[in-house]
Amino acid sequence: MVPFAGWSLPLHYEQGHLQSHLHTRRRCSLFDVSHMLQTRVYGRDRIKFMESLVVGDIAELKPGQGTLTLLTNEKGGIVDDLIVTNTSEDHLYVVSNAGCADKDLAIMRGRATELQAAGSDIHLEVSDNALLALQGPSMAQVLQAGLSDDLAKLSFMNSITTTVFSVPGCRVTRCGYTGEDGVEISVPVGRAVELAEQLLGVPEVWPAGLAARDSLRLEAGLCLYGNDIDETTTPAEAGLMWTLGKRRRVAMDFPGAAIIMAQVKEKPKRKRVGLTSGRGWAAKPHSPPHVSISPGTVTSGCPSPSLGKNIAMGYVETAHSRAGTTLTVEVRKKQHLALVTKMPFVPTQYYMAK
């Protein structure tokens, strides 16, 4: 167990990091991600409220559809990455990173107060639900046994409210942080242990911890807030411009829009890239002066259990960001070669309903 953002979280279970990682890729694992902040936004002006904070086109989301979006500041920096879902009920469902929970809530509450004073109808509610992530290629088979709804009709980034293994009032969202097909289940806190035990009672399902979650997300080319993105990085630098809706780009009505759109036009000076090498080095995140890259900065890195080589993510000067470029990584004062590599390192398996 390790401390994280005020929580005590499992780093790994008895199977160990390597076996847990590979089991998730081959079968199915259960992650407890209840440390994530879950917020509901009510009121007729909830979409206007959300779009005053984030870069995504929330208005275009269909009932039950969600999107990854970015909460930005006036300098174009990324305050947090969020998943916002336009539920088929009467609210938006927002999932934020635990390490950003306090600042996110302060920003949302501050903006809500401003808009309420101007006559807008907005109400925020923090959920005390637990959050369980079931991830891996056999997820659908395992979960379908406890659902009356047809999972084959639920596409990536869509959600339903349903009963899961006799636990009512669960929100099941087809998403995750591993690159595999998976769901996140927001479950009433009083029934969370019961649901987790039922899922772990299936031999196919192993418990998995933070170590596997981190190596799985890195193989999938996904950013970790505080490492790969933060308030000093912009969507253009981070390769996350796909999160900006076309309408929002034209309107330029989100925080930091002028700076972000100017970077798009002029090209940013640095870009987030993937890096691979042989077994000679393993770049760990945020460990200067032991790890550096010329020219640039390593932000995440680990030996890839799936690929059998070292992978990393970092920022390099745009002139050196093309895939196939060879760079030098220094680890504990020893020089190693690294290749700029397209991400994801391991192909993603997100499910799209036919």
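Each Cβ is built from the backbone N, Cα and C atoms, and glycine gets one as well.
Predicted automatically and left uncurated, TrEMBL annotations should be read as such.
Note that the coordinates shown come from a computational prediction; the quantities given were computed from them, not determined experimentally.
Your range for region 'Disordered', going by TrEMBL and the list 14-35, 278-299, is 278-299.
Helix first, then strand, then coil: DSSP counts for the domain 'Aminomethyltransferase C-terminal' (296-346) stand at 3 helix, 30 strand, 18 coil. The C-beta environment of Glu184 (substrate binding site), restricted to residues of the same chain at least 6 apart in sequence and closer than 8 Å, consists of Val33, Val95, Leu131, Leu132, Ala133, Val172, Thr173, Cys175, Gly176.
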